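Novice: As listed in TrEMBL for this protein:
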COMPBIAS  353-362  compositional bias 'Basic and acidic residues'
COMPBIAS  378-388  compositional bias 'Basic and acidic residues'
DOMAIN    62-232  domain 'C2 PI3K-type'
DOMAIN    376-553  domain 'PIK helical'
REGION    287-320  region 'Disordered'
REGION    353-388  region 'Disordered'
Amino acid sequence: DIGMREDGAKQVARLLAGSVRRGAMASSQNGGGPARAQKEGVVRFLVSSEINSKVELRVDRVKGDFTRPPESLGEEAGSRKTVNGFRHDLLRLRQYRAECSLYYNGRTLCRPVTTKMVSPSRGGRECVWDEVVSFCVKYKDLPQDTLLAITVWPSEQPTRGGSEEKPRPMGGCTIKLFSKKLRLRCGSRKLRLWRGREACGKENFDTPGKIPVEERGQTGLLERQLKHYNRGDMHQIEQLDKLCIAKIYERLAHEEQEMTERGLSLLQIELANYPLPVLFQEPSVGSKAAGGHSLLSQGSGFGGLEPSPRQDPAAPSSMDNIHDILQAGHTIGQRYVDTQGHHVIHVSDPEIGRENPAERKAQRMARSEGPSTLGADKNLKPNSSERRAIESVLRQPLTQALRREAKKLLWRFRYSMLDNPSALVKFLLAVDWQVADEVQEALALMRQWASVSTTDALCLLSSNFANPGVREHAVAVLRTAEDDEIVSYLLQLVQALRYEHDTDNSPLAAFLIKRACQNHVLGNFLHWYLFVEWQDPLFGPQYAQIYDRFVNALLSEPSGYALWDDIRRQMELVAQLTAVKKEMVSLRTAARKKERLIELLSESGLCGELASLRLPLPLDPTVLLTGV
């Protein structure tokens, strides 16, 4: 049941918990989920050409600001009487309905269906329908590129003359019913409403309801992983999942609140759910499709599907065997295509690439043998074959993961490599950082190791090394480097700041800020690198804190005011050049562009000061600009 009335995190939790229950039900009908299906050598799925149910969806609610008119009202809305910035008559009188349509190639497949009229609640911040709408089209008749367009319309308003005012949409959005992998979209969906615009039904629609993952940062990635989890594509561990999913629910609820506060409107719907994945398939002419399963239920996907008595939905299809697929077709990425052009989802083994617990336990026991772990292997020396194996491991690129045998070899002969600076990084990669005794010994050996190069110090600041002791050791190596060398590696060092766990006490940040205050060239580059990273949606707040520390440290020294003045004027220069560029782009002819540019750069122009400025070049502060 997703007809919810709770708010915030409770609402999200209940909705997603329902999806988890449905996924569990599908897994039980599927003989234990994808992992078990792979053990049996089969892939279970449904095909759309055999689903005889009507297309249905549940329109739940819209969260947004109903107290202000959509942008399309323009000057007409602004000319009406407003109260606290919005039209009072719209809030008091108007009700809203959701109109749903199916499109293909810009044309409707059937008549649109609408919900009932409802009034906004929660002070004009929410509109709840909780209504299931049904189209006269069935899933088996849907084309591959079918679009679902939803528009929220207000009620018509009477004018002074008695006639009705033509309504303008509150907003609309469009999604494809089949994904790029030809899989039918199912379950709960949270869509973005484009305010003041009717949902577009064209092939290249401009009202996409799906919010790109890259715009949502880490929260979008979490929601995508949760979607895979809910439909059974991921291995489920009940005890750990309860803790993890609860945190994800809180994160999603917080993000939803932030989006609505920014003025975005979110439409929440639920598409029909089926016990197995549904893949698109063209209906066969004159006969039933050979593959897939038959679902002839007339009921909704919300109330449960009744399988056809002719076939068991849990029975494998004729192309379910993985070996048959590999011999009869060819592979494309992670899906298979048979000789008839049918797309089959590849089910991955969740244990592939994971560490064997028994082998991990044996490794820990082997490393802890002997009365004294610290001195047990001091006198061990590799023989010729072992020495060649160690040299081969040291020559491997750092991007290549170490095998278990290589880690065991490096750990066993760790004392024999203390004089080899290039071996430190590989040795630290072989350390099990979850074992306290092993970490303690590794840090002690690191301090005895021969001094490493600046390049190796950069490697120790990567995401592979989160231990504060290792990162502090890398910064200690960087302190011995000259400013020119630090400038050449500065971009990579700024990138490494995102892997610092404690920004306030980061030794790397303190080192860079101290050097930047002492060297104006380094300080110039550090400012611009931090300024660019500041725009990152995921790590921006972290870099903003470091930038504030840099500015405060700069202004705490008398010599820092000159550098800060240059940085401030450089930012003004970039802003003025950006404005000039935008204006040049808006002009069509070259003659007009030249005339306007001369006018802007003249002594009486808007950017006249650019002709006589004296300023270090942002890209190379050793070069002095004397005018534009």
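Don't overthink the numbers, they just go from 1 along the chain as shown.
Positions of Cβ are set from backbone N, Cα and C atoms, glycine also.
Set these features in their place in the structure for me.
Specialist: Helix, strand and coil residue tallies for the compositional bias 'Basic and acidic residues' (353-362), in that order: 6 helix, 0 strand, 4 coil [DSSP].
As a summary of secondary structure, the compositional bias 'Basic and acidic residues' (378-388) carries 5 helix, 0 strand, 6 coil according to DSSP.
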Novice: Please average pLDDT over the domain 'C2 PI3K-type' (62-232) for the predicted structure.
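Specialist: That stretch averages a pLDDT of 78.
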